[in-house]
Amino acid sequence: MSFIKKIFLSSRSSEDGLFFSKLEKILGFKPLNLTHFRRAFTHRSMNKLDEKGNPMNYERLEFMGDAMLGSVIAAHLFNMSPTGDEGYLTKMRSKIVSREHLNELGKDLNLIQFLESKVTLQNFGENIHGNLFEAFVGAIYLDRGFVYCEKFIHKKVIKPYVDIDKLEGKVISYKSLLIEWCQKEKRVFHYDIYEDEDAGKLKYFGVKLSIDGKVVAKARATSKKKAEEIASKRGYFVFQSEIDGK
C-alpha cells in the first residue's frame, strides 16, 4: 500500500470516527452502517453515485422518513385520543409533522453540520432543516429497523413536543384558517400580489389582503407563499374574536 493511500485511509477513518461519535450522541445508540447516514446528508449537487450506479442523495430517504414519522405519530395519536375521529386525528398529525415543526427539529439537532453540498448554505431556504430531519429518520429505519426508529421518534419528537391540549389550539396555516372562515361566513376575500424590490435589488413579493372589499392586512416577504401567510396571520388577528367565536 502506497504512503499516500495510507494517509488517505487514516484520514477517512478519523473522519468516520468523528461522524460516528456525533451520530451516537444524537441517536442515543450506536449506528451500524454509516453509509445510510452519509446518504442522509448528501445533497444532489454532489452528483454522487452508490456502488450500483444509483444517485446517492437524501431525497429518497426523505420519503422514507416522512412515512415513518407519519405512521409512528398516527399510532400515538390513535392510542392517546380514543374519542378522536378520523378528521381530528388527521388534523393533529398534520400539526405535528408540519414543515415549520420539522424545520425546528432539524435545527435543534443541528443536522445542517453534516450536510455535503456544492450549494452554499445561504442559498438554502428554511426547509433544508426539515428535509434533513426526514432523511435522518429514514436512515435510522434502514440502519436499525422499525423499533429503534420508533424509539427515536418518541424520544425526539413525541415526548418533548407533543402536548395534545396545546396542539388543539395550534394554527398550522393562517391562510387556510382565514379562507375557511370567510367561506363559512360568506365573506369575500382577495389576495392582491405584486412584485417589489428593496434597495439591494432583492426580489420581494407584497400582498394586500382584502375582505369584503376592504384592505385588512399587508405583508412583504421573499416568496408569495410567505407573504400570503404573514398577511393572513395579520388578518386573523383583526377578526380573531369573530373567528374564534368569542
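Glycine residues also receive a Cβ, built from the backbone N, Cα and C atoms like all the rest.
Quick look at what Swiss-Prot lists:
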DOMAIN    20-145  domain 'RNase III'
BINDING   GLU62, ASN131, GLU134  Mg(2+) binding site
ACT_SITE  ASP66  active site
ACT_SITE  GLU134  active site
DOMAIN    173-241  domain 'DRBM'
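Report note: the Mg(2+) site is defined by GLU62, ASN131, GLU134, and the residues of the same chain whose CB lies within 8 Å of the CB centroid of those residues, excluding them, are TYR58, GLU59, LEU61, PHE63, GLY65, ASP66, LEU102, GLY130, LEU132, PHE133, ALA135, GLY138. Here ASN131 (Mg(2+) binding site) is positioned 9 angstrom away from ASP66 (active site), judged by their C-alpha atoms. Residue counts for the domain 'DRBM' (173-241) under DSSP, split into helix (H, G, I), strand (E, B) and coil, are 28 helix, 26 strand, 15 coil. Counting other CB atoms no more than 10 Å from each candidate's CB, the recorded positions GLU62, ASP66, GLU134 peak at GLU134. Confidence over the domain 'RNase III' (20-145), given as mean pLDDT on the 0 to 100 scale, stands at 93. Spatially close to ASN131 (Mg(2+) binding site) yet at least six residues away along the chain are TYR58, GLU62, GLY106, judged by Cβ distances under 8 angstroms.
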